[in-house]
Amino acid sequence: MKRVLVLLLALAFGHALERGRDYEKDKVCNELAMLGKEDFRSLSLILYSRKFSSSTFEQVNQLVKEVVSLTEECCAEGADPTCYDTRTSELSVKSCESDAPFPVHPGTPECCTKEGLERKLCMAALSHQPQEFPTYVEPTNDEICEAFRRDPKGFADQFLYEYSSNYGQAPLPLLVAYTKNYLSMVGSCCTSANPTVCFVKERLQMKHLSLLTTMSNRVCSQYAAYGKEKSRLSHLIKLAQKVPTANLENVLPLAEDFTEILSRCCESTSEDCMASELPEHTIKICQNLSKKNSKFEECCQENTPMNIFMCTYFMPAAEPLQLPAIKLPTGKDLCGQSTTQAMDQYTFELSRRTQVPEVFLSKVLEPTLKTLRECCDTQDSVACFSTQSPLLKRQLTSFIEKGQEMCADYSENTFTEYKKKLAERLRTKTPNTSPAELKDMVEKHSDFASKCCSINSPPLYCSSQIDAEMIDTLQS
């Protein structure tokens, strides 16, 4: 698997280019020889589908064709020594044409102002934001087999593109393993005497790998969006909201452990990284929290580590504790050696008192604490804290109240009941609104809530939506 990943990274015209053209060419040619054309092509399709997840199948497929063609030509015995450099340069030039058939990216025009190796490296760094709302829907068994029998290769290509573009944040080895097993299942079952029985049996055997791949995509998407430190605080917020009766000492090690797992596994070349790390993490979850919360205790009775992890991951926030209001960290807290500890303590204490979803808290806490920390570097830090703390406290309170209003009634009701209550609230708030306008308002608000008012809401999408909804609060 590691050898496969070397190939895929080289195909992206990335790190190998910095080591020299001969090094890059030798790597790619060795991998083509080892894998053969079809596996080389399939793996290229997976890579570019996940890299350019917003592109069409035709755009990705065209790029793959170009890459495979130039690799075949330039790795052939007796090929011109300059072939690889010439063809990759031609590809980067073609990518800059207005009618280029390749994936479109807003950063392409800037790359096209550069020349030679600099342009190739710039192009290699381009990628689309991950798909935070996967749209892939598996066809029925009959539809699968009909498409497979009609065009086995076309079916495989379309599946690799759709699955990889939807779940592209899953670690690459997992993505490769799952798609390979899935296509093997289709090939076996669509040619068997009893496809239905075959599919049931095969899917049961693949269940763990399927869950591991989709769950890894979820958690790695957030990690990619937030980065390591913000991911750590995000997991701390979620755990504090799920188990507000726990202590910081119970939840902080779990947040840090999970963040370390993601930092190791999301870009790992090992297929076993997530498979071995997550079970160990679930043991720690159960050791730390099963006695602190009845829902965690129930989750820890599940029969597999993956089921335990999923149970705890999707667990909603508990009712926040009714505790005295918490004060913002002071200069003494933030300007000494225990800055991180003070911020963790404040994040934990605020989260266990607050029902607003994590995406809201993560968004408002970062600038709030950053502004306070900056007071430490001013000439008169005491005066800075005295001025900034009351202002930041008002902004923080206003932001949280607005977030609670936007997500009111969502988590404790069915979606239908929520929409009824939402309509009543909006009707009371805007009594002169026409029925058609009210309907539009309900649809807009409920769409936002369905995407951004749960504990695992996607950060990139929701951050921009919160900006749009709360612009006055954010600027005040």
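These residue numbers are counts, starting from 1, taken along the chain as shown.
Each residue, glycine too, has its Cβ placed from N, Cα and C.
Values in this document were obtained by computation on a predicted structure and should not be read as measured data.
Here Swiss-Prot flags 1-16 as signal peptide, drawing on experimental evidence. Swiss-Prot lists 17-208 with the feature domain 'Albumin 1', giving sequence analysis as the kind of evidence. Here Swiss-Prot flags C74-C83, C96-C112, C111-C122, C145-C190, C189-C198, C220-C266, C265-C273, C286-C300, C299-C311, C335-C376, C375-C384, C407-C453 (among others) as disulfide bond, drawing on sequence analysis. Per Swiss-Prot, domain 'Albumin 2' is recorded for 209-394.
Sequence features, as recorded in Swiss-Prot, placed on the structure.
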{"residue": "C74", "record": "disulfide bond", "Cβ contacts under 8 Å, 6 or more apart": "K25, C29, D80, C83, Y84, R87"}
{"residue": "C111", "record": "disulfide bond", "Cβ contacts under 8 Å, 6 or more apart": "C96, R119, C122, M123, L126"}
{"residue": "C145", "record": "disulfide bond", "Cβ contacts under 8 Å, 6 or more apart": "V186, C189, C190, P195"}
{"residue": "C198", "record": "disulfide bond", "Cβ contacts under 8 Å, 6 or more apart": "M185, S188, C189, S192"}
{"residue": "C220", "record": "disulfide bond", "Cβ contacts under 8 Å, 6 or more apart": "Q169, A170, P171, L262, C265, C266"}
{"residue": "C273", "record": "disulfide bond", "Cβ contacts under 8 Å, 6 or more apart": "P171, P173, R264, C265"}
{"residue": "C311", "record": "disulfide bond", "Cβ contacts under 8 Å, 6 or more apart": "E298, C299, E302"}
{"residue": "C375", "record": "disulfide bond", "Cβ contacts under 8 Å, 6 or more apart": "G331, L334, C335, S381, C384, F385, Q388"}
{"residue": "C376", "record": "disulfide bond", "Cβ contacts under 8 Å, 6 or more apart": "G331, L334, C335"}
{"residue": "C453", "record": "disulfide bond", "Cβ contacts under 8 Å, 6 or more apart": "P357, M406, C407, Y410, S411"}
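In the structure shown, the C-beta of C266 has more C-beta neighbours within 10 angstroms than that of any other entry among the disulfide-bonded residues C96, C266. For the pair formed by C112 (disulfide bond) and C286 (disulfide bond), distance between Cα atoms is given as 53 Å, rounded to the nearest Å.
Note on C299 (disulfide bond): other Cβ atoms within 10 Å of its Cβ, all shown chains, come to 23. On the 0 to 100 pLDDT scale, the model's mean across the domain 'Albumin 1' (17-208) is 90. The 10 Å shell around the Cβ of C300 (disulfide bond) contains 18 further Cβ atoms across the protein chains shown. With every protein chain in view, the residue among the disulfide-bonded residues C83, C122 whose Cβ has the most Cβ partners within 10 Å turns out to be C122. For C190 (disulfide bond), the Cβ neighbour count at a 10 Å cut-off comes to 20, with all displayed protein chains included. C453 (disulfide bond) carries neither a helix nor a strand DSSP state and counts as coil. The number of other CB atoms found within 10 A of the CB of C189 (disulfide bond), across every protein chain shown, is 22. For C286 (disulfide bond), the same-chain residues lying six or more positions away in sequence with a CB closer than 8 A to its CB are F296, C299, C300, I308.
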